[in-house]
Amino acid sequence: MKPLSPLTLSFFLFVFITNLSLAFSNEDVEQVLDFNGNPIFPGVQYFILPAIRGPAGGGVRLGRTGDLTCPVTVLQDRQEVKNGLPVKFVIPEISPGIIFTGTPIEIEYTKKPNCAKSSKWLVFVDNVIQKACVGIGGPENYPGVQTLSGLFKIEKHESGFGYKLGFCVKGSPTCLDVGRFDNDEDGRRLNLTEHESFQVVFIQAEANDAEFIKSVV
């Protein structure tokens with residue numbers, strides 16, 4: 001049998017190490033599913049709801065907070081029967097069109113107020129409450145306030161049931177979970193946190209869905 005050349009051996013070693021690294025790095029990666037067990041797809045409308053319904057409140061929507069003149073802050077409704085506004089997920093990079101846990105995504109509402117330039121989620125720093133909060137729009141909606149560029153992601157929740165959202169700052173290795181903060185406003189703010197994450201599920205929104213839904217748990 002003809003012996004393999006050093007170049008061929010190097011190639012096979014490279015392929016082996018690469019595949020081994022991918023196997024380990026993707027060990028905990030899985031396709032994101034909605035509440036009914038169906039795969040989540042980009043461009044489809046979903047409601048983001050708490051995994052456990054009740055006093056935890058309802059879905060997420062938009063509201064006006066602090067000194068902002070436009071309702072661009074993402075809030076969780078206090079009423080458990082409210083499903084909020086549907087969102088859609090966008091994969092900004094070339095992909096097979098499948099959302100896995102950890103996939104960098106953009107999140108955007110399917111409707112927005114006229115005073116907001118964009119319906120895409122972003123993060124802004126509220127200096128009054130010293131929190132990095134989730135909102136929509138652009139820098140013009142947050143005069144004198146720092147906004148952070150980056151991408152969101154979906155991960156399995158630590159409890160093993162449902163998911164959590166995360167945000168990774170552009171150009172930085174920093175990624176934080178999305179949690180909730182109660183500032184005695186019209187709803188609970190979604191904010192970046194190193195502590196308790198917001199445990200959520202995704203329910204596909206039908207074209208004729210009303211504002212109210214039944215409890216999922």
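Just so you know, glycine gets a Cβ as well, placed from its N, Cα and C.
Quick look at what Swiss-Prot lists:
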type     : residues      : note
SIGNAL   : 1-26          : signal peptide
DISULFID : Cys70-Cys115  : disulfide bond
DISULFID : Cys168-Cys175 : disulfide bond
CARBOHYD : Asn191        : N-linked glycosylation site
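Taking only the Cα positions, the spacing between Cys168 (disulfide bond) and Asn191 (N-linked glycosylation site) is 13 angstrom. Rounded to a whole number, the C-alpha distance linking the residue listed as 'N-linked glycosylation site' with Cys175 (disulfide bond) is 13 angstrom. Neighbour density for the residue listed as 'N-linked glycosylation site': within 10 A of its CB lie 23 other CB atoms from the protein chains shown. Cys175 (disulfide bond) has a Cβ environment of 16 other Cβ atoms inside 10 Å. In this structure the C-alpha atoms belonging to Cys70 (disulfide bond) and Cys175 (disulfide bond) are separated by 27 Å.
Comparing Cβ neighbour counts within 10 Å across the disulfide-bonded residues Cys70, Cys115, Cys168, the minimum falls on Cys115.
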